[in-house]
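Note sheet for the following structure.
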Amino acid sequence: MNVEDGGVPGLGRPRKARWTLMLLLSTAMYGAHAPLLALCHVDGRVPFRPSSAVLLTELTKLLLCALSLLVGWQAWPQGTPPWRQAAPFALSALLYGANNNLVIYLQRYMDPSTYQVLSNLKIGSTALFYCLCLRHRLSARQGLALLLLMAAGACYAAGGLQDPGTTLPGTPSAAATSPMPLHITPLGLLLLILYCLISGLSSVYTELLMKRQRLPLALQNLFLYSFGVLLNLGLHAGGGPGPGLLEGFSGWAALVVLSQALNGLLMSAVMKHGSSITRLFVVSCSLVVNAVLSAALLRLQLTAAFFLATLLIGLAVRLYYGSR
């Protein structure tokens, strides 16, 4: 396993164990995000502004990076760091900001199930930019593994979890609680394609930037999240009247912000020392964690589609990282 494949070459057993632990933690945090967010609901709604959560997450990541440099967890570069190297991270922050807002905007033009299924196209766009920008050619075996990841995500989104309280079609209660019908508008399809392209480009561009610069990861993150805080502060301020920055926050909401901040830092390490492809596998594997936690905390039932998706993810991991 090498850097392009998502591993780190030349690691001893203790460092390999830490790398594996980091990937497992990131997978768990990704998978826990939606169930934790569901626990924040009050009367079926999130009681705080989404822009507040994003801004606080970026601010938490920035503070953790600054603390890492101050206490010496990561060495400060000798001499004065070339601050002009901070400028390229503005594009990363802009791409991530555009993607985060597109996710919300897309819901106007399609139902959530259609979005969940079609958004798996970002796996293909990430692989495309990964090959074009990093000049790394994927083998047929690796390409098949990524196709299996896309199929697993679509399969899970199409019915991996089920509410046990759902009644049979045609009954009065079923009519009252029937889900939004599947639909997507032409504009929604164009925006979804744009979302997938930006998602792939932002991931690969950030990886390329982090690997080319000979700067500590904490300092690179400091650059990235400084721009992220400024961007999201502007979006939050320009979002019109609404709840205050901390209004509606609970202990669960604070846990969501902290877990997302820590996960962002872990993903930065994956991008610098691993690859964007590794990130795709982490996100896909997190579906298993998401389903198990949803079943345990939200009393949802696992379906045959979940087990099929899990099998496809396992096969994809074996194909991509297994011995050639």
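Positions of Cβ are set from backbone N, Cα and C atoms, glycine also.
Those TrEMBL annotations? Automatic predictions, nothing curated.
Sequence annotations record features per position, and here TrEMBL assigns transmembrane segment to 20-42, 54-76, 88-106, 144-162, 182-205, 217-237, 249-268, 280-298, 304-321.
Against the transmembrane segment (88-106), the recorded stretches 144-162, 217-237, 280-298, 304-321 differ in Cβ pairs under 8 Å, and the greatest number is found for 217-237. The stretch in 20-42, 144-162, 217-237, 280-298, 304-321 that contributes the largest number of Cβ pairs under 8 Å to the transmembrane segment (249-268) is 20-42. When each of the listed stretches 144-162, 217-237, 280-298, 304-321 is scored by C-beta pairs under 8 angstroms to the transmembrane segment (20-42), 280-298 comes out highest. Outside the transmembrane segment (304-321) by six or more residues, the chain places 1, 5-7, 141-142, 144-146, 148-149, 151-153, 155-156, 158-161, 277, 281, 284-285, 287-288, 291 with a CB less than 8 A from a CB of the stretch. Long-range contacts of the transmembrane segment (144-162) within the same chain, counting only residues at least 6 positions beyond its ends with a Cβ under 8 Å from a Cβ of the stretch, are 113, 116-117, 119-121, 123-124, 127, 138, 277, 280-281, 284, 287, 291, 294-295, 300-303, 305-306, 308-310, 312-313, 315-317, 319-320.
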